[in-house]
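According to TrEMBL, the feature substrate binding site maps to B:72, B:122, B:166, B:173, B:197, B:249, B:267. Summarising the annotation, TrEMBL assigns domain 'Cyclic nucleotide-binding' to B:477-597.
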């Protein structure tokens with residue numbers, strides 16, 4: 001057999017899991033637990049292996065529906081519920097979190113702290129059980145059973161035989177209970193705590209259940225199939241920490257070095273392992289090694305960790321800056337069309353407005369590098385945009401770092417904004433500084449670009465801005481026409497007005513004429529395959545639309561919508577056609593001007609495609 | 001004082017580190033190590049804190065240049081060199097990796113394995129030292145000193161006084177050495193091993209050095225400033241694992257629960273902690289707690305971990321699919337312009353070619369979800385492209401999963417390709433299957449799209465493909481013109497030919513005339529701000545270029561390059577202008593056709609902008 005999963009096609013994940021299963025099935029080392037007859041009576045070569053993804057897909061090898069008792073794998077779950085019932089501090093006063101280096105059923109406490117060394121040995125687990133809230137024993141057990149069921153995503157039940165057997169023979173655990181009572185670690189009736197512990201260990205599970213429990217822990221405490229929360233995220237962190245240091249009895253160091261996953265085993269032959277944020281693994285095979293861990297369980301986890309590269313100290317790459325790219329308004333402009341004076345201003349001053357596109361998860365290290373890079377290179381900026389559209393998650397510290405940097409930039413006169421359609425920074429409007437202009441939050445890069453342009457134009461282009469209105473004689477399509485030609489055209493133009501928000505041309509409309517904008521702004525909107533609408537361009541007084549359908553006889557590709565109240569003059573298709581015979585010179589002039597306009601738009605679109613190809 | 005780092009603007013990282021420093025400086029608990037006079041003589045309230053990023057930036061608070069001896073922080077470094085000298089297996093036969101639960105200077109071995117319990121207690125560290133290769137003691141020490149210096153990125157030196165003092169008083173360590181010799185764990189002269197251990201502990205460092213050592217471990221073994229490798233990545237993983245379980249003496253469980261970073265402390269007052277892949281932390285403060293760990297060191301690491309969210313079980317979000325988006329050739333086409341029959345074919349069959357864009361790091365969990373999703377939805381595909389341009393790193397298992405899926409797709413008749421300009425999959429040409437067509441690797445999405453189109457057109461559009469050549473009378477610009485007009489135009493056209501690779505029009509060229517393509521293919525190339533060239537469109541027989549500069553009087557935005565040998569007919573600007581007076585009807589017809597062509601291009605560009613806005 002070659003390297004696992006190396007050869008034929010097919011689902012590699014499935015194949016690797018099957019191959020690990022086949023490899024480990026050969027291993028018949030180890031002995032059954034035999035302290036109660038029910039555990040000694042199981043089929044010793046029973047074996048199943050499940051991997052559950054954080055979207056709830058379960059890969060299975062072997063009989064994943066074989067029922068066995070959860071045994072010690074219950075310990076982290078009960079510990080988690082105790083933490084939820086009392087808080088981390090209160091539980092820490094009862095149970096330490098140190099690896100013990102001693103057998104799991106030792107009747108002793110840490111000699112210095114006089115507490116159970118950790119929640120994964122029996123003394124700590126019985127203490128956890130004693131902390132479960134409930135009016136009576138039945139309610140306490142029902143709370144535990146329901147909690148476990150939430151992890152597994154189905155209703156789990158008690159194995160009465162195993163429970164009866166545990167209860168009949170569990171003198172050592174009763175001794176531990178009374179020892180705990182004598183040190184006031186267990187405060188109520190120790191027999192009740194021990195009884196609850198026997199019950200929790202006797203809950204029936206399958207390896208599919210354990211894999212989903214592990215995936216729930218991997219998924220920050222939420223069951224990936226039912227979406228029900230089993231444990232708060234901060235408690236998941238603590239439970240996984242304790243599983244890391246103490247989960248595999250006194251084989252913890254070897255486990256960390258070889259497997260590198262928080263895990264818990266049980267004498268029923270189960271092993272549960274968690275790759276936080278990613279997957280849950282479960283194995284069931286009843287033969288145990290000298291530590292009390294399933295032989296095949298340990299071997300299968302080791303093989304999976306190696307083959308699937310799951311070890312938590314495995315780093316595929318070292319940290320990198322969260323900045324994916326940056327560019328200035330001189331490199332790329334918004335879809336708001338500008339006049340020549342404005343274009344010239346943006347060409348000159350465009351490098352004073354910079355857009356930083358971040359990506360990945362913004363944890364401390366990535367955010368730190370990004371903020372430092374922005375601080376180093378951003379000293380001459382007048383406007384700055386941080387684009388978070390490609391960021392997946394923002395940690396709390398990263399959020400504060402970005403907010404603080406924006407406030408600081410605002411103080412020295414650089415206006416800052418974010419593109420944050422997902423609300424990752426947690427503020428729809430920012431209150432970083434008293435000025436309303438800083439700390440703006442946009443949902444769209446194009447609008448943010450337009451805002452940057454506005455900031456620069458307001459400062460550097462005060463005289464020659466695009467006119468708010470034009471007349472028929474100053475509209476560029478008609479400007480400087482001979483008087484007779486101008487008169488001939490204007491006679492055929494129809495005036496139109498639209499209120500803000502009205503749709504002037506609808507996608508699919510046939511040739512609707514050539515529209516000259518005399519006042520106001522309109523946007524050209526196109527929907528993509530998924531139904532999301534994109535602004536292709538924004539047009540204002542002195543510009544023209546509708547020429548495309550009129551010239552090509554096609555239908556409108558998108559909607560034209562009034563962004564403000566607009567005043568238009570419309571040259572109907574019939575009137576335009578009539579010019580062919582009656583005034584070919586005039587028509588030629590208009591066509592030349594329209595074509596020039598089309599090419600100017602095409603040039604902008606081409607630049608945008610080139611840059612967006614590189615940048616976006 | 002409010003929450004750390006919560007209030008004023010400024011560099012938040014710097015401020016948090018300063019605030020943690022200020023908070024911990026108040027803490028005067030703990031005692032100096034006093035087993036040698038040199039350690040007892042230091043300034044007890046000395047305190048510094050450094051955080052080094054994986055690009056080598058070092059944040060400092062306090063006096064980061066104070067020199068102290070490295071002491072036990074040398075242990076993981078020497079262990080790493082021993083692993084490099086002998087391999088993991090051989091070292092594992094000498095030293096276990098289990099937390100000991102006992103004081104670090106215990107003169108005992110594990111009673112079962114008869115080996116030191118781990119490399120972080122003195123017995124294990126002396127064993128590591130005994131494994132360092134070298135012809136004599138001087139060479140062995142020099143190898144250690146150079147190794148440590150590579151971690152720190154500067155030449156470190158021995159503190160002769162501390163070494164002399166350690167050597168004079170180190171009876172307990174000599175006892176450990178002889179015990180190790182008696183069990184054949186140390187094989188040579190035990191006094192030499194102990195002497196080497198005394199020397200390694202007596203190397204002078206600063207907290208800046210320790211922070212860079214930690215950052216080197218975080219950075220997979222490469223010093224972030226010098227780019228020199230100190231340790232192989234797979235050994236870094238093992239060293240960090242052992243630091244996790246055993247680095248903080250018998251406070252390991254608490255450390256994992258509260259701090260959650262692999263770390264090592266020394267009796268010189270140093271603490272070194274690592275966030276794999278991200279940052280290195282170092283603290284120096286000589287007062288020690290009962291475990292022998294620096295009091296302020298532990299406190300500062302706990303505060304930093306909490307505030308900067310560094311705990312290794314902290315998951316900001318659960319796993320997600322590596323598929324960022326997907327679309328078909330029906331949604332977005334390449335920049336190769338197509339004729340009507342081809343457009344119709346692609347509209348009908350375009351959904352049989354799908355592009356999957358992946359993102360993030362492709363570890364097992366993400367790749368698994370992606371491969372599963374592709375397998376579920378891709379059953380009807382005839383061509384499939386996996387776009388890796390947004391992927392940062394690909395783990396080995398993910399690579400095999402993608403390769404295997406592509407081989408499987410090829411077997412059932414779906415041609416598969418990747419866009420992988422960075423060579424992440426490790427093959428410039430793939431040898432997945434015997435057919436050369438499958439497993440293609442492209443560096444550009446547009447070329448991959450064109451390839452998909454080709455696959456579909458070859459299967460579904462065999463009759464009506466774009467002609468290889470056109471004549472003047474069948475070129476769409478001139479087709480169906482009245483005979484007199486056609487004659488008038490053709491009389492003014494100049495024939496031109498270009499060899500493959502020639503530039504026909506250069507960026508910045510003034511009006512060069514209207515070029516009719518009669519045979520061959522040309523590409524329109526535009527360079528972005530960074531100098532990268534993008535293909536805007538590819539034109540073939542029956543298409544036209546150059547009209548934009550001719551009509552607008554502007555200059556060419558990009559280059560037009562011959563992709564094959566091309567045959568052209570050129571209408572010069574002068575000849576075109578002359579038509580205004582001599583043949584206004586003809587000019588009007590040509591303008592109308594050119595404008596329609598421009599608008600058709602604009603429509604394509606707009607759709608592309610819309611889709612790329614959403615998709616790319």
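Glycine too: its Cβ is placed from the backbone N, Cα and C atoms.
Since the structure is predicted, the reported quantities are computational estimates derived from the model, not experimental observations.
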Mean pLDDT across the domain 'Cyclic nucleotide-binding' (B:477-597) comes out at 84
Around the Cβ of residue B:267 (substrate binding site), other Cβ atoms found within 10 Å total 22
Summarise the domain 'Cyclic nucleotide-binding' (B:477-597) by DSSP state, stating how many residues are helix, strand and coil. 40 helix, 41 strand, 40 coil
Taking DSSP as the reference, which of helix, strand or coil describes residue B:197 (substrate binding site)? helix
Counting across all protein chains present, how many other Cβ atoms fall within 10 Å of the Cβ of residue B:173 (substrate binding site)? 24
Does anything in the same chain, at least 6 positions from residue B:72 (substrate binding site), have a Cβ under 8 Å from its Cβ, and if so what? B:104, B:120, B:125, B:201, B:264, B:265, B:266, B:267, B:292
Across all the protein chains here, work out how many other Cβ atoms are within 10 Å of the Cβ of residue B:166 (substrate binding site). 24
